[in-house]
């Protein structure tokens, strides 16, 4: 029994509890392992208490052996007393004139008494040895069962802690991925902001160019409006007013067909140029409007995505905290229940030992 009790020392349990999978599982898991080690040390203290109880039983057995030796001494003294009585009877035989039948009856009674004492002694010794063996066997079996159960529970607890560590690692990796995605979105947002600034600068430049073209067009129109009036010759007096051009020419060029054609071509080119500038202005305005709309949508999408990622991050963080708290609570409840069960079992064992002992 002492060898079985010494086989599970505190150092062995502490060395077995150092699992290589739990080198860096986090501060909470280290605290749990320390609690397990404290509980194992408490169980070791209870084991020491059982050793002390066994020592008490051994002392009680020694007390019984002393009582047996005292009984043997009393038996020897009783034998000596009977022998003295026999000697006295044999000395007084002539006086009392005892018959042989009386002597035989006394001797037979003595032998029967001696045999009864020897038989009672053997029975008491046999009963003590049987009870000692039975108590030792019961204690050893119970101790083996408790040791196996403790090993099994310790293994299950460490497996549970390993699963918690793996879950924590997975959640940490997911959190790192979310952080990386947030970083990518922020970098993309920064690039979009830079592109927006470039577009704003380009729009300002285009606005300046359009304004310059508008000023140029306004100056051209102003020049066209400030030309001196043309004196129409008599040969053109029959032309209707709608067919007369707004171009004002000098009197020397009125009757020159080449100059008239040049004026018409110049006017047509000016109108085409103005129309082209107006169309380009319209296209640039549409492009600027589309760019502003695209940037607005991109900013809205980016805000929604950032909000979604932040919600996912908060949900993940809350889930991690809930998993840790629920796991720690379940583990503490499980350990408390098992610890109470072990205490009740050991109390029952002690009650059984004392009951068997005092029944004998």
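Cβ coordinates are placed from backbone N, Cα and C, and glycine is handled just like the others.
Per TrEMBL, the stretch carrying the note coiled coil among 112-160, 161-209 is 161-209. Confidence for the coiled coil (33-67), expressed as mean pLDDT, is 82.
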